[in-house]
C-alpha cells in the first residue's frame, strides 16, 4: 500500500480508535497514531487491515478545532489530501482543510461513509437490520397494537373494552364488570396500549392496601409493566432524591390509605403530573352531597389534576344510585353535577333499551315503533335505514346493527361506563359444592372450652375469628409441642382425597400461612404427595416457581397449598378442584377463593370441597354461605350488603356456635333478602350497556384476528435470528420453552430486558398462561422491542458487501442494494406511527440505475449471496468507489419518488380518519352530553399537529449493500 507521513487511515478491525495518522514507516512496516485514544498501532505495509479515509465533494467534515467544512473540491499533492469548500460557522468560501487537521474522533454514521471507510458489517447483520425495519413498520400499523402482548386469554368482551378505551385521548371511564370477568386485565390492557403508543407515560394506581401486591404482580406478569410500590418507607427514601418523591418513578402503585393519610403527601401526588390514574375498588369511596368521605375527596383532588382516570368497581349501580352517581361525578363533574337530574335521566333510558331489544330480536316493527326509533336517533335522512332494517331484503341485519350502534352512541352512559355480567358473557363453568361434615376432636373441645373461659373479655368478633380456626387455639395452648395435624380429621380426609385422585390437580386454600406449611410437611412425610406452598412470606420469584411446579402436567406438584393473602391475584384455571381447609370470614373473601379457579376460560366444572368440623363456627358459616347466600355454587353480588345487615347476629352465632336458637330464621331471612336483591338487580339490568360493553361480533372478530397473528411464525424466526446476532444463548427445553442466558460475546454488555441469570420464554399463549415462570414473547415484549431499538438506533448492519455467484451475469457486475427509511418526527402522544411508521423502501440498482427490487424478493436474493471478509471487502470498495457514488445519486431520485408517494398516502389516511372521528363526535355532542369538550379539542389539536408533522416527513439512507458478481 502507498503510505505517506500525515495521511489519515482507519482500522478495519478497531474502528472505535477513530482516525489514525501515519507517523512512521520503513520498508516493511507502518506506524499509525490514533490521537482520539492516544494509542499507536504497528502494521505490515503489505495487506494491513486499514482503509484510507477519503472524502468527496458534497460531504461535510470536521476540523480538529471543531468547525465544519462542506467540501467543494478535493486535491491530492504528494500523497496527501486537501479539502476546499465553505466553512459552515462563518460561511467563508474557498477555505482549505488539510487531512492531517481532520478531527480524530470522526464517526461515520451514513451507510455510504461507513462503507467507504472500511467499516463493513457482517452480511447477516444487514439482513437482520432490513427485517427489523420491515417488521417494526408492519407492527406499528397493526390496528390491534397494544392488545397482543399481554399474558391473557383472548376474551372478546375484555378486548372490546380495551380496544375502545385504550385508543382514546385521556380516557375517563368506569369499569364495572361483575366479579371474575377481568376488570384488572381490562385496566392493564388499556394502560399497556396507552404506554406503548406514547399516549401516556406516567401512571398512578391507587388500590386498597391488601391488593397492592396483587396489582404489582399482575402488571409485571401479564403486561411486563414494572411498577414501583410506594409506602411510608419508600416515600421517605425518595425524598432524598427529589423534592417530589413521586417524580422518581414513572409507574407507581400506592394504597388509598397511604394517599389519604398525609396532607403533604396528597399534595405531592397531585403535583406529580400523572397521565393516567387508576382506582380499584372505587365503590369504597363513600359520598353524599353533604358529607363526602376523606377518601372520596382525596381521589376527587387527584381526578381534577390527572387527564385520564379509570375507576374499577364490581358493585352495580342498582345497589346505590347515589354512590354510582358519585363515581361518575369523579370522571366528569361538569356533566354529572346534579343527582336529581341524573336519576331522571336514567329513567328516560328505558325506551332506548326497549328499542335495542326490539332490533336485536329481529321481529318486524310497527309504525309506532319505527317512529319512536326515528325520534330517539334524531338524525335526518334516517328513514331509508329504518325501512331496510324492517324488511326482508339483504342488508336488513346490517341495518339493524347500525341502528343499535347509533342508539348506543347517542344515549346512556355508554362512553363512560362499561359493565359486563355473567349472564351476558359465555364461557363460565358450573360450580358444584361437596360439604364433608367431620367430628370435632376432644383435644379441640378442651382447647375451645379453656379459651372461652380465658377469653371472656374478648370482643364477640375476636371470639368468632378464634372459633373459625380451632387448630390455632389448640396450638396456642400447646406451643411447639402441639401437633394438631395428628388428630384433626380434616387432615386425614385431605390425604385420603388426594391419594384417591392422584391424577387431579388440587388447589387447597387456608387462612394462615403456618397452616399451609404444616400441611405440606404432613402430606410429604406421610403419603409422599408432591405439594407446592404459596404464601405471603415468599418472594414473587419463589411464588412463580411454586406456581410453575404446580402447573407441570407430568412431574409437577399434585397440590398447591395457599394462604389467603398469598393466593391474591393468582389464577389457576388448569385446575378445577378446590379444597377449602377452613372458611374465610366474609363473602368477598369466599368469592376471591373460588375466583382462583372460576375464571372465564375455565374448561371444567369446579368441584368445591369443604371439610368442616361440627359444632364449630365452621359449621355455622358453611350453612350461612350455602343456604343463606347460595355463595358456593353461584357468584353472590348481594353477599356484602347482606353481611353488613346481619353482621352482629352472625358474629354472635360464630362466637357461640353451640347456641343455634333462631339460626334457621336468620338463614331464611338472608335467603329472602338475597332473592329480593337478586331480582332487583336482574330487573334493573341495563341491557343497552351490556350490549355496548360486550362488543358482540366485532369483539369476536378482534379476538380471532389476534389469534391468527399468534399463529404467525415470522416472530419466532426473527427472534432467534436476533438472539443469535446479539449473542444471547438459547437452550431449547422442550414443551415450547426456551431458556435465554447472556453470553460473553454480546453486542452490548447488558441487554435490556434480559436478567443476568437469564429467563425462560415461550412464544405460545397457552403455555404462558399455564407456566407463570415463562415470559410470553410477542412483538410487544420488551426483549423484542429493546432488540429492535438496539439494532435500529445504531449502525449495526448498515453497510456490507456480498458476492453473487451467477454465471448469467458478467464477472465484476455491480449491484447496489439500498434501504431508505421514510419517517416523520413528532411527540409520541400524537401516535404518528399509525399513519407513517419508519417505513423501509428497498431498491436493488444496477450500474444504469435500473431498480430490480420488484423482480428480486429480499429473502430469496439474500440466500443466493455469500459473505466477504472485511479486508477483501475494503479492497473491493476502493476499486469501485466512483461507480458506487454514481449509483447512489441515481438511487436518491428514485427514493424521493417512493417517499413522496408514502407521505401523501399517510396524509390522506390521517386526514380522513381523524376528520371522520372528529365529525362523528361533534355530531354526537348535540345528542349525547357524555362527550367531553376537552376530548373534542384534543382530537382537533392532534389532527392539526399530525398533519403538520407529516408535512415535514423526510427520508434517509438507512442501509447499503454492495454486491459484486463472481463465477467462482
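Glycine residues also receive a Cβ, built from the backbone N, Cα and C atoms like all the rest.
Note that the coordinates shown come from a computational prediction; the quantities given were computed from them, not determined experimentally.
The annotation ATP binding site is assigned in Swiss-Prot to 177, 178, 179, 180, 181, 182, 183, 184 on the grounds of sequence analysis.
Residues or ranges marked as domain 'Helicase ATP-binding' in Swiss-Prot: 164-334.
What Swiss-Prot records for 490-644 is domain 'Helicase C-terminal'.
When averaged over the motif 'DEAH box' (280-283), pLDDT in the model lands at 87. Per Swiss-Prot, motif 'DEAH box' is recorded for 280-283.
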Residue, out of the binding-site residues 177, 178, whose Cβ gathers the largest set of other Cβ atoms within 10 Å: 177
Other CB atoms within 10 A, centred on residue 184 (ATP binding site): 20
DSSP-assigned states of the motif 'DEAH box' (280-283) in counts, ordered helix, strand, coil: 2 helix, 0 strand, 2 coil
Distant-in-sequence neighbours of the motif 'DEAH box' (280-283), which means Cβ under 8 A and at least six residues beyond its ends: 174, 183-184, 187, 205-208, 211, 215, 299, 311-315, 323, 327, 330
Those binding-site residues listed as 180, 182, and which of them has the most Cβ atoms within 10 Å of its own Cβ: 182
Secondary-structure category, per DSSP, in which residue 184 (ATP binding site) falls: helix
Which same-chain residues, if any, lie at least 6 apart from residue 181 (ATP binding site) yet have Cβ under 8 Å of it: 157, 158, 420, 421, 422, 425, 600
Protein Cβ atoms within 10 Å of residue 179 (ATP binding site), excluding its own: 18
Cβ neighbours of residue 183 (ATP binding site) where a neighbour is any other Cβ within 10 Å: 24
